[in-house]
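Here the structure is laid out as structure tokens; the discussion comes afterwards.
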Amino acid sequence: TLMSWDAVICVPQTLKALAAYRFGGLFVGLVLNLIVFILFVLSIVLVYSLLLISVETKTFQLGILRMIGLNRRGLVELILIQALSYVLPALVFGLLAAVGGNALVARMFYRLTRIPVSSALSWRSIVYSCTLGILIPVVASFLPIKAALQLNIHEALDVHRSKTKVVAVQLERTATRVNWTGVLVGLLLAVFGFCIYYLVPLALISFNIALFTNIFFAVLMGMLFGFVVLSLNLEQLVERAVVFIFLWWETTAVKRMVLNNLVAHRLRNRKTTIMYAVALAFIIFLMVSYTMELETSKMDALKQKGTELAVDVESNYRKLEGILQQFMRGSRPPIHSYASVSTSLDQSLGTKQLQGEKVAFDLVTIENIGHLHVQYSTITAVSPNVFDTTGSQFLRVSERIDGGRP
């Protein structure tokens, strides 16, 4: 028999079995990318807060160093070394923990499946982690370096005055100054419009699920940080509400003093507010994603099997029925009933000779009166209590015939 190469189709059984979970893998990848991004932002805010507090508390030491000849480059190197001292031990410890955790997971996977998996970290994961580990202190030290370089030596050496500024006045010339806020907002809106009007239709037309999930990831990030900014704008109202609720018995002077202190420390407390808001949103997102993934897997299994526990039997059903009865008596939680479903006629009979005529049981169809709509169906034998033991989420029965009577 001659056969051309285009008539041969090779389908690996492993890929065929995993094809049903390809969208689940994309969703898990989206969640992991979101987790990495949020942890990256939280790490930057945390290191930034530590560096800024260090700069504010060591203004006198920095003033002495600047007075004895420390130049701007030396000050930048000092803050960068301090930022790296926060991150490098965590990076080394994280890589060691990743090696140990990967080896443990690979060993457990081999015990369950007998499939050997490499326990060594790939070079991409090492480069990825090291890149993030270096970017965190570099990005987090930008604003503390700017604050340290703008430090006035006279104010830094004055130990009799508080460094906290309640009122700050800043004069700016609008004629020669570029409005960077407007430029940034314009660029973000332009990118947003490009994604909505070009990338989203492209992803839907080409069925590029990876591109669509990346756009969805960007939308989630925008929503998250948008709500964080909204919470910052509502900070003053929340402060007044907290003072009114918890200090209702105090005099007006005490309430006013507390509100003035909150206003004076608002800029310093804003970093804590951002970390708290992002961390809370991160925890809520994880819980919702975890619950949704479990419910989706559960409903998918119920849709395929029809019940929470299904036993497939190829032969010798009578022997298995006694085993099921024994299992039901000793199960915890108890199993009150079970139903039986036979194989379909097209699988068991196929095409048979009945009264001298060929009957194709694998071509059973249901048609309307005008023979316009044809639907292939399967015929199976079920026990009378099949609707009592199976789930009703995915099955709607409009008419039943019990005992030969409708």
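Using the three backbone atoms N, Cα and C, a Cβ is placed for every residue, glycine included.
If you check TrEMBL, you get these features:
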- 34-152: domain 'ABC3 transporter permease C-terminal' (DOMAIN)
- 26-53: transmembrane segment (TRANSMEM)
- 74-105: transmembrane segment (TRANSMEM)
- 125-145: transmembrane segment (TRANSMEM)
- 180-199: transmembrane segment (TRANSMEM)
- 205-230: transmembrane segment (TRANSMEM)
- 274-292: transmembrane segment (TRANSMEM)
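Panel annotation: around the transmembrane segment (74-105), residues 43, 47, 50-51, 54-55, 62, 65-66, 119-121, 125-126, 129-130, 133-134, 136-138, 140-141, 144-145, 148-149 of the same chain, lying at least six beyond its termini, place a Cβ under 8 Å from a Cβ of the stretch. Contact check: the transmembrane segment (205-230) against the transmembrane segment (125-145) gives fewer than three Cβ pairs closer than 8 Å, residues 6 or more apart, which falls short of the contact criterion. Across the range of the domain 'ABC3 transporter permease C-terminal' (34-152), the DSSP-based residue counts are 101 helix, 0 strand, 18 coil.
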